[in-house]
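*Asks:* Structure provided below as structure tokens; questions to follow.
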Amino acid sequence: MTVEAGSSHEDLETTWQRQMVFWHLVFAAVWLGAVIVTLLYDSGPRGRGLELACIVGVGVAYAALGARGLARENEWQGAAYLLIAWGLVITVQWLNPNTETWILFFALFPQTWALLSRWRAFSVTILVTLAIGVVQWWQSDRSSGDAAGVIVSTTLSLVLSLGLGLFIATMANEASARAKTIDELRAAQAKLAAAERESGVAQERERLSREIHDTLAQGFTSVLTLTRAARAALGRGDVETALARLDLIEQTAGDNLHEARLMVAELTPGHLQSRSLAEALERLAATVSAESGLRVEMQTRGMPIALGGATDVVLLRTAQEAITNARRHSGARHVTMQLVYGEDVRLIVTDDGRGFDTSTPRRGFGLDGIQSRAQAIGGTVEVRSASDHGTTIDVALPAEPDPVAAEPDLGRTGLPPSLSRSES
């Protein structure tokens, strides 16, 4: 599983903000329905005026407080809206026992669970349902058995509203837990990437130190030795010997400069900057050929695809290591690199050097480094060589296109603002 840097809770927050339009539309439809049925049906003994005023009050409270509470601008505004809205709805129930404005419940109950934490919403749902039941029971004809019907309807309403609310809360908690897990995964991935970078830097530093020791350091040691010998010869008055030593110093310094240029050409990561892998390998081949006299050819077969950065780096490092081995250890005069695209991507590097017995332990040739890099990203390495028959290094890596990281879709369930609040 791969995720990009960022917070999954931020993703949930963004999704919630996108769904605000849905919440507004639902409330508008329910509120408009309540207004219409109030105008069309029996107004009760106290008339429609007070009943309509209460319904309008619910709409005003939502516009002034509820919408801001859902948008998380201010938590207390959501609580204040619920207090006003439920108070007005209970008042309507008291004004007209036969009111049809119960359809407001379809908006208010979900809003209660969206604006409050689980246990607060649980408590408010019970209190509101019981309060409405008490009002209906008080307004009913208790002698005719209406009271029993009120008790049954109140019980059913309580069970259904609590069931719906707990379902919403459970979904919110699961999504919040999933967001937390993904955030922890992102943090672990960041730590792992940092550890891998540090490990890679340490390995490259060790490799570079060995290269410097084997080439530049030995050359500078020779320069120092020859300088002392030339000074000693001048002290004896042997000018001819001193001049010969100076010629050797010049030759050794030139060789060291040559080695330094080759090292930069082989080790610099700049080959991949703003270039495809094939272009980077072609430039590497041209640079080494021009600097060393070792003839390096580059061939590409198949349909090139943009690979992930890690794959490009592994193949480029493999090419650099293989060319270094061929130049310094095998006495090769010609190296061929083949970049082959197919079900996997392969880099085949072949030289015409002395070769070696692959069954004997290897030391100092960098093949273990090639193998470890390839295996780290699911690849394989095959080395074919024999004495006086050259060497072939065949690296195969998964041919996976460079992925466009996609954030996990965590916001399909309409998560309420209360998901990120502590339960109370």
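Even glycines carry a Cβ here, placed using N, Cα and C.
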*Asks:* Can you dig out which of the ranges 178-205, 206-233, 234-261, 318-345 TrEMBL describes as coiled coil?
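*Replies:* Comparing 178-205, 206-233, 234-261, 318-345 with TrEMBL, coiled coil matches 178-205.
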*Asks:* Are the transmembrane segment (121-138) and the transmembrane segment (20-40) close enough that 3 or more Cβ pairs fall under 8 Å, when only pairs 6 or more apart in sequence count?
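*Replies:* Counting Cβ pairs under 8 Å, fewer than 3, so no.
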*Asks:* List the helix, strand and coil residue totals of the domain 'Histidine kinase' (315-401) as derived from DSSP.
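*Replies:* Looking at the domain 'Histidine kinase' (315-401) with DSSP, the answer is 26 helix, 31 strand, 30 coil.
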